[in-house]
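Notes for the one structure printed next.
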Amino acid sequence: MKWSEISIHTTEEAVEAVSHILHEAGASGVAIEDPAELTKEREQQYGEIYALNPDEYPAEGVLIKAYFPQTDSLHETIAGVKSSIDVLPSYDIEIGTGNITVNEVNEEDWATAWKKYYHPVQISDTFTIVPTWEEYTPSSPEEKIIELDPGMAFGTGTHPTTTMCIRALERTVQPGNTIIDVGTGSGVLSIAAAKLGASSVQAYDLDPVAVESAEMNVRLNKTDDIVSVGQNSLLEGIEGPVDLIVANLLAEIILLFPEDAARVVKSGGLFITSGIIAAKEKVISEALEKAGFTIEEVLRMEDWVAIIARNA
């Protein structure tokens, strides 16, 4: 079978939104070529450094590659992807050039091409994200492994916003806590919460592809006795109280439900949220405070922030 590799040149800010659009359109695999990765060390447990080829990365911006089977409707699929991307600036998401190119690849090439971008990555003192096809042995009894299949949906769990959310969970989750993960995507935050000792995690996403991906990853990590996954729009119809809510979403989406978060999380409970570009920190903080939260801590990584807020 022949496959088409669709490459989109965009910005770091738009990576998650564009990746989501591609998965929604039916991509069978997505790879992200971000030149920022060239300055990061990726160490294996035996001290080797992953060698990344600068020639495979754009000089500026981010290149997102998605793989689609060649069908008679491919042109319509690409047109739909372009239309969805063109709408992003209306949500204050800068898309850069947004240029789209299409190349033909053989099945044996696409099946492994995108995997070269994914390796075990230690994202905190506690957690290492490991792709399912990699063999990895923890370096200490304290190290916790989260296995993910990034070919299914919604990235590898190593984006700065995901990393900060996991680090915030490490600081705040107490054994026996009840937690809701809004916009779960791959399920990585729910899995982390379960491995940190939560007694119950409800993971929700509006996208059925995300629900399927999260369910698979939850089972893969043997946390399905703690994490339940369901389809839902934000916190609509969800009853509390719970100890903690975590939401790694676009800033524009976060602004839709601070009041619902205050309703569902118990008094004195926490709301951890990210997906927030630094320029939008103030508007998110103000919305949370208006809903009755107190900002306890702001984590920063590259151009992104995560906020830990406590309910009144």
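Each residue, glycine too, has its Cβ placed from N, Cα and C.
The structure displayed is predicted, hence computed values, not measured ones.
Look at Swiss-Prot and you will find THR162, GLY183, ASP205, ASN248 tagged as S-adenosyl-L-methionine binding site. For ASP205 (S-adenosyl-L-methionine binding site), the same-chain residues lying six or more positions away in sequence with a CB closer than 8 A to its CB are GLY183, THR184, GLY185, VAL211, ALA214, VAL229, GLN231, ASN232. Taken residue by residue with DSSP, ASP205 (S-adenosyl-L-methionine binding site) is part of a strand.
Around ASN248 (S-adenosyl-L-methionine binding site), the C-beta neighbours below 8 angstroms that are at least 6 residues distant in the chain are THR161, THR162, CYS165, GLY183, GLY185, LEU189, THR273, SER274, GLY275. THR162 (S-adenosyl-L-methionine binding site) falls within a helix when secondary structure is assigned with DSSP. In the three-state DSSP scheme, ASN248 (S-adenosyl-L-methionine binding site) is classed as strand.
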